[in-house]
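Here is the structure we will look at, set down as structure tokens.
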Amino acid sequence: MSEELTPQQVTRMTKLQKRLRTEVGRAIGDYNMIEEGDRVMCCLSGGKDSYAMLDILLNLQQRAPIKFEIVAVNLDQKQPGFPEDILPAYLDTLGVAYHILEKDTYSIVKDKIPEGKTTCSLCSRLRRGTLYGFAQKIGATKIALGHHRDDIIETMFLNMFFAGKMKAMPPKLLSDDGANMVIRPLAYAREKDIAEYAALKGFPIIPCNLCGSQENLKRAAVKEMLVQWDKQHPGRIETIFTAMQNTAPSQGVDREQFDFLSLQRDPDAPMSGQVAESDLPAFDFVDVSNNGHINLDAAARIDVVSTYTPE
């Protein structure tokens with residue numbers, strides 16, 4: 001920690017750690033993220049999220065009923081001004097196994113992306129490829145990334161608004177080649193809790209804008225939208241995330257998710273709730289013809305007064 005905390009701050013930090021530990025533990029259980037004997041490669045960027053993820057995973061490792069190994073890995077992408085000593089010094093204090101990799105993806109990105117454009121997308125793809133390869137080299141069975149609940153929701157709206165897809169970040173993902181399993185232990189955690197916890201813990205944060213890349217304006221706009229919703233409608237973000245876990249393909253319009261083409265009614269199926277006509281209650285009759293005023297006749301019934309069948 002960078003400075004002494006007050007008793008109130010210590011209490012708050014303990015409460016946040018317990019909350020994050022509970023949420024991470026629940027996510028791990030719900031999605032079977034970590035199993036007996038796993039070697040978990042914990043990817044560190046030097047930001048608040050990955051620091052918090054490592055901290056909570058190390059805490060859970062001491063309490064978990066299963067045995068698993070944690071290996072911290074950072075990729076130095078040779079961005080100008082990257083402080084090479086910060087992460088090794090911090091990791092040494094934890095006593096956790098770690099690797100610092102070096103690969104000049106910065107030069108590749110600057111060569112491919114026009115000046116003034118955001119480089120984050122290409123940078124992350126190059127970083128992901130390097131980390132996937134290293135995970136196989138060290139025999140990692142899981143690759144842990146620090147994306148949290150807000151990242152997942154933001155990604156869903158970004159894909160909805162700008163890509164025409166209902167797609168987010170899954171808590172657990174098998175790579176396209178089937179060789180790597182990616183997990184997101186912070187999937188249930190709120191960013192504001194992580195930020196507050198990181199500040200209280202005094203993690204040595206490394207800025208993410210050393211490359212000089214412009215902020216992703218679309219993501220920033222979606223993030224601000226969600227921040228305002230959270231202020232104006234408490235509980236809405238939680239409801240959105242709950243909805244993401246309760247999809248109903250048969251109630252949507254995606255033909256790939258549900259087989260509408262072969263959907264057929266069963267002519268032999270009994271009518272649902274079939275009762276004798278004499279047992280049917282009277283229906284209220286609604287008349288909206290009187291200048292928009294609604295008149296209810298509680299005694300009125302709906303009767304079939306005539307039918308016509310064309311020959």
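Glycine is treated like the rest: Cβ placed from N, Cα and C.
Among the features that Swiss-Prot reports, [4Fe-4S] cluster binding site is placed at C120, C123, C211, with the record citing sequence analysis.
Here the motif 'PP-loop motif' (45-50) has long-range neighbours at 74, 86-87, 145-148, 186, 191, 194-195, 198-199, 203-206, 208, meaning same-chain residues at least 6 beyond its ends whose C-beta is under 8 angstroms from one of its own. Annotated motif 'PP-loop motif' per Swiss-Prot: 45-50, in sequence order.
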Mean pLDDT across the motif 'PP-loop motif' (45-50) comes out at 95
